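Let me begin by presenting the structure, written as C-alpha cells, before commenting on it.
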Amino acid sequence: MSRTLILVKPDAYARGLTGEILARFERKGLSIVALEKQTLTAATAETHYAEHKERPFFGELVEFITSGPLVAAVLEGNDAVKAARQIIGATNPLEAATGSIRGDFATEVGQNLVHGSDSDESAAREAAIFFPSL
Ligand code: CMP
C-alpha cells in the first residue's frame with residue numbers, strides 16, 4: 001500500500017466535478033485518507049509547484065491554482081501514484097485517453113482539472129504541504 005496527493009483544481013471544483021472525480025478514484029480501489037476544501041495562498045502554491053519555478057507558465061499556474069477553492073486529498077491503495085495518474089490521464093487533455101478524467105472533461109493544459117503526485121517522494125512532500133498533521 002502507498003499514498004498519493006491529488007488536487008481537484010479550481011476549474012473542476014467550479015464546474016461541480018468534485019464528486020465525479022473522487023468517485024473515479026474510489027472505484028479504482030483508492031481510499032480517501034484525508035480530504036479538505038482549501039483556497040491556496042500564493043506562497044503555498046509556489047511551494048507545491050516549486051519544481052516548475054523556472055517554467056514560462058509558472059506565474060499563470062500559481063494564479064490559476066489560487067483563483068478559487070480546490071479540494072485536496074490523500075489517497076491510499078496499491079501503487080497509489082501510478083493508479084491515480086492512470087485515472088487522471090496525460091497532462092495535456094487533448095493527448096489524454098478517453099476514459100481518463102482529463103480525456104473526458106478537459107481541453108486545455110492550463111485547466112486540466114486534477115493534479116496527481118508524480119512519485120512516492122513527491123507524494124510525501126506534497127501531502128505534508130496540504131495535511132501537515134497527517
Ligand atoms: P499538474 O499535474 O498540476 O502539474 C503542473 C501543471 O502545470 C500541470 O498540471 C499543468 O496544469 C500546468 N502546465 C503544464 N504545461 C503548461 C502550459 N504550457 N501552460 C500552462 N500550464 C501548464
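Each Cβ is built from the backbone N, Cα and C atoms, and glycine gets one as well.
Per TrEMBL, the ATP site holds LYS9, PHE57, THR91, ARG102, ASN112; the candidate it also names there, chosen from ARG3, ARG85, is ARG85. Neighbour density at the Cβ, taken as the number of other Cβ atoms within 10 Å, is lowest among the binding-site residues THR91, ASN112 for THR91. Close contacts with ligand 1, defined as a Cβ under 6 Å from any of its atoms, occur at none of the binding-site residues LYS9, ARG85, ARG102.
Overall, the recorded ATP-binding residues LYS9, PHE57, ARG85, THR91, ARG102, ASN112 cover a maximum inter-Cα distance of 22 Å.
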